Amino acid sequence: MKILLTNDDGVRAPGLNALAEAMTVLGQVFVIAPDREQSAVGHALTLHHPLRANKIGENIFAVDGTPTDCVNLGIHSLLSFKPDIVVSGINRGANLGDDVTYSGTVSAAMEATLMGIPAIAVSLVTSAEGTNYAAAAQFAVKLAATVREKGLPADTFLNVNVPDLPRERIRPPLVTTQGKRSYEGTIVDKVDPRGRNYYWIGTVDLNFKDIDGSDYHAVSRGHVSVTPLHLDLTNYNSIAVLKKWEIF
């Protein structure tokens, strides 16, 4: 089994290192990840300047681009084969609800899915430094082996969120839906010493809606959340409504 790993926290992030070490039990591991943090870059693809990939270890490349760039370079250039699975993570911080649209971690898995490769995004629900990623890494190994054995539905990838708890306190995984979040007061408006305004998009409390069956509902109760996401963003329930508009 050939496994491509990436992330958005950077190639030297402890979550990625823990994942790479754990995944060796399944086969050959290749790491192609950003050379610096690329959190919240979404599905950005670099088109207006060249990319560089530096080999910094055995089967380890640091790319001066986004997680999506890393998957592209890996599959189309740096690797001489198509990986059996792409695993993105382990992200330091949750990727729940609407936040998946911002996530470089999730977008890397989405990019692999666009290329027809099974993919998983894995996040640890924490913001703390020095976090222990072992439990999340072991679950990722188990899930990757299952995906390899059973496959995934077409155009589907898995978004995994693991609560930051001692392994013995983590409750069984649940298949969940993508949750919802309330966004309020995220812009910090300040004036610099020269009298010019500047703005900072700051972090806020999670403010997730506690919807039964959702990703947040699961992790807030100590469960691992596994959410199947897919590429088709069409809102099929709205098609009939729009067709009634007079402009069509």
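Every residue, even glycine, has its Cβ placed from backbone N, Cα and C.
Annotation source Swiss-Prot lists divalent metal cation binding site at Asp8, Asp9, Ser39, Asn91. Around the Cβ of Ser39 (divalent metal cation binding site), the same chain contributes Asp8, Asp9, Gly93, Gly104, each under 8 angstroms and 6 or more positions distant in sequence.
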Residues flanking the divalent metal cation site, with Cβ no more than 8 Å from the Cβ centroid of Asp8, Asp9, Ser39, Asn91 and excluding those residues themselves: Asn7, Gly10, Ala13, Glu37, Gln38, Pro67, Arg92, Gly93, Ser103, Gly104, Thr105
Among Asp8, Asp9, the most crowded of the binding-site residues [Cβ within 10 Å]: Asp8
